[in-house]
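What follows is a set of notes on a single structure, which appears directly below.
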Amino acid sequence: MEPILRTENLTIKFGGQTAVDHVDFVMPEKHFKSIIGPNGAGKTTFFNLISGELKPTEGDVFFRGESMANYSSVIRTRKGLGRSFQITNVFPNLTVIENVRLAVQSKEQIRYRLFRHFTAYKDLHIQAERLLEIVLLSGKANAFANQLSHGEKRKLEIAMLLALDTEVLLLDEPTAGMSLEEVPAILDVIKQIKQTGNKTILLIEHKMDMIMDLSDSIMVLFNGRLLADGTPTEIMDNETVQSAYLGGLYDEHLA
Amino acid sequence: MKNKFQVNNAILLVLVAALAVFPFVSDSRTWTILLTQIFIFSILAMSYDLLLGYTGIVSFGHAMFFGMGAYATAIMLNRLEPTLSVFFLSIAVGMVIAGVISFLIGLLTLRLKSHFFAMLTLAVSGLFLVLAEKWRTLTHGNDGFTFRAPEFFKDRMMFYLLVLACLVLVYFFLRRFVHSPLGRVLIAVRENEQRTKSLGFQTLHYKVIASVVAGVVASLAGSLYAISLRFVNTSVLTMDITLDALLMTIIGGVGTLIGPIIGAGVIELAQHYLSGLAKEHPIFERWIIFFGIIYILAVIFFPKGILGTIQYAFWKQKNKIPKVDVAAPSRKELTK
């Protein structure tokens with residue numbers, strides 16, 4: 001069966017620096033894969049290449065067997081590659097519900113209509129409200145996004161991603177910068193999404209317990225290269241991975 | 001929500017009715033002309049705010065669309081015949097030209113980052129200014145030309161009413177436009193363009209649509225302006241017009257539709273009175289100096305503009321009330 005998402009030789013160079021280095025990866029449908037690796041390993045860059053924010057120097061991304069090379073991030077989102085951002089990226093001066101409603105509007109393909117008042121599209125509002133319930137933000141629906149705490153903004157980010165209802169979800173460190181007590185709520189949300197069973201999820205995270213708990217497979221990036229890809233237990237037993245994390249490869253590389 | 005909406009609409013209707021009755025009550029020629037001028041610039045400022053306030057596009061070339069309308073109307077009334085039907089036709093022609101040109105310019109330039117876009121709009125509008133200066137057979141260059149307005153407008157009151165009707169129509173049209181799903185996306189573009197893209201909206205399309213609508217509306221303002229003077233020259237294409245629109249929008253309140261109307265009123269009235277004061281002291285001949293000062297003070301102390309500041313004050317007050325309400329039940333319990 002054709003995997004839903006695949007990269008071939010995916011490479012990007014910034015000047016002399018190779019941030020993502022010939023990565024071949026395969027993502028079966030409805031699979032949950034986590035990406036780990038030390039800071040600067042190229043995880044977010046890899047996401048940017050998949051979602052179309054960056055153009056690869058070499059190689060290509062395939063979604064359902066179709067080359068994405070000529071598609072901008074806009075088209076990729078419409079085709080089914082949705083992403084959340086590591087650095088919170090919402091509409092600061094709009095209310096929470098409006099943030100989500102915009103995403104729902106995109107999913108419903110209400111793009112160029114200008115004859116009816118937006119409140120006439122009740123369904124958008126209802127869907128947005130339901131999503132806020134899922135991420136436990138209902139109470140903040142009418143607050144402005146810039147009034148939210150960091151953790152709440154992360155939840156909003158997830159609600160917006162869910163609103164797009166894309167087949168593939170690219171989650172870039174959904175718990176980044178969150179306090180410990182806020183993490184379980186996000187974890188629950190991600191678990192819920194996983195349990196519905198119709199999404200393919202790619203997750204970047206640092207919290208190992210969370211990754212072990214959720215992932216069907218884990219891939220390890222190191223200096224832009226794909227170091228290993230396997231089930232959680234395989235990865236934990238992998239010596240190269242261990243040394244990468246324990247510092248062996250670090251020292252070797254720096255020397 | 002609905003209630004507030006209805007109250008606002010009611011206030012607006014009363015205001016419009018009062019303005020419509022005004023020329024029947026007062027026969028002050030000065031005021032009729034001044035108000036007509038205010039309405040015309042309100043239309044221009046609203047169209048500018050669609051770009052600046054709603055979509056977050058800074059354009060320094062908005063005058064070119066205003067000028068296109070003004071020249072379309074002036075030239076057609078001059079060359080054909082000064083009748084109402086030619087006048088309406090000229091408005092339509094101006095709008096179509098402005099629409100096509102803003103579409104082409106938008107498509108070419110709106111891909112650029114905001115400040116590069118702003119510079120390009122400046123350059124393009126400069127191009128149109130030079131074109132109008134040099135194409136003397138059509139425009140009579142810098143000197144411009146006078147023309148006869150349709151007989152119908154000999155009565156200043158009729159023209160006043162027509163302009164008021166245009167203002168009301170444009171206001172309701174733009175209000176619907178910014179409150180449509182499409183308008184919501186424009187606001188999203190202003191807030192965070194890159195994020196809007198990643199939600200799957202082709203932001204370039206939205207920016208082009210906004211600039212076409214703004215261009216078409218500005219052209220209408222230009223057509224009316226030409227009639228109000230019965231004269232046109234290259235000044236309608238100059239930076240001054242764009243700056244006026246910018247000033248009115250910023251002083252009135254960016255990102256609202258009523259704001260630019262208030263701004264147009266304030267600036268036109270100030271212009272009128274400040275230049276009138278020149279009889280008292282010669283410094284008022286340089287009233288533009290005061291404008292500079294007002295402008296600087298407004299940007300520093302009222303960055304939201306007149307309307308924005310008022311709205312914010314209301315909003316703050318409204319959001320204070322729930323806090324009192326939270327405390328209220330305990331007080332109730334005490335009195336039990």
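Including glycine, each Cβ sits where the backbone N, Cα and C put it.
Remote same-chain partners of the transmembrane segment (B:6-25), defined as residues 6 or more beyond its termini with a Cβ less than 8 Å from a stretch Cβ, comprise 31-32, 35, 156-157, 160-161, 164, 168. If you look up TrEMBL, you'll see B:6-25 (among others) marked as transmembrane segment.
Residues annotated as transmembrane segment in TrEMBL: B:32-51 (among others).
For B:57-77 (among others), the entry in TrEMBL reads transmembrane segment. Beyond the transmembrane segment (B:57-77), the same-chain residues lying 6 or more positions past its ends with a Cβ under 8 Å from any Cβ of the stretch are 44, 47-48, 51, 86-87, 89-91, 93-95, 97-98, 101-102, 105, 110, 114-115, 117-125, 128-129, 132, 138-139, 145, 147-150, 207, 210-211, 214-216, 218-227, 231-232, 234, 236-242, 245.
Feature annotation from TrEMBL assigns transmembrane segment to B:84-108 (among others).
If you look at the transmembrane segment (B:114-132), the same-chain residues 6 or more away from its ends with a CB under 8 A from one of its CBs are 56-64, 67-68, 71, 105, 139, 141, 234, 237-239, 242. As annotated by TrEMBL, transmembrane segment applies to B:114-132 (among others).
Feature annotation from TrEMBL assigns transmembrane segment to B:157-174 (among others).
The transmembrane segment annotation in TrEMBL covers B:208-233 (among others).
According to TrEMBL, the transmembrane segment annotation covers B:245-267 (among others). Residues 38-39, 41-42, 44-49, 52-54, 62-63, 66, 167, 171, 174-175, 178, 190, 218, 291, 294-295, 298-299, 304-309, 311 of the same chain lie 6 or more positions beyond the ends of the transmembrane segment (B:245-267) yet place their CB under 8 Å from a CB of it.
Summarising the annotation, TrEMBL assigns transmembrane segment to B:287-314 (among others). Long-range contacts of the transmembrane segment (B:287-314) within its own chain (CB-CB distance under 8 A, at least 6 residues past either end) are made by residues 247, 249-256, 258-259, 262-263, 266-267, 270-271, 274-275, 277-278.
Away from its own ends, the transmembrane segment (B:32-51) comes close to residues 19, 22-23, 26, 57-59, 62, 65-66, 156-157, 159-160, 163-164, 166-167, 170-171, 174, 177-178, 186, 210-211, 213-215, 217-218, 220-222, 224-225, 228, 241-242, 244-246, 248-249, 252, 254-257, 259-261, 263-265, 267-269, 272 of its chain (Cβ-Cβ under 8 Å, at least six residues beyond either end).
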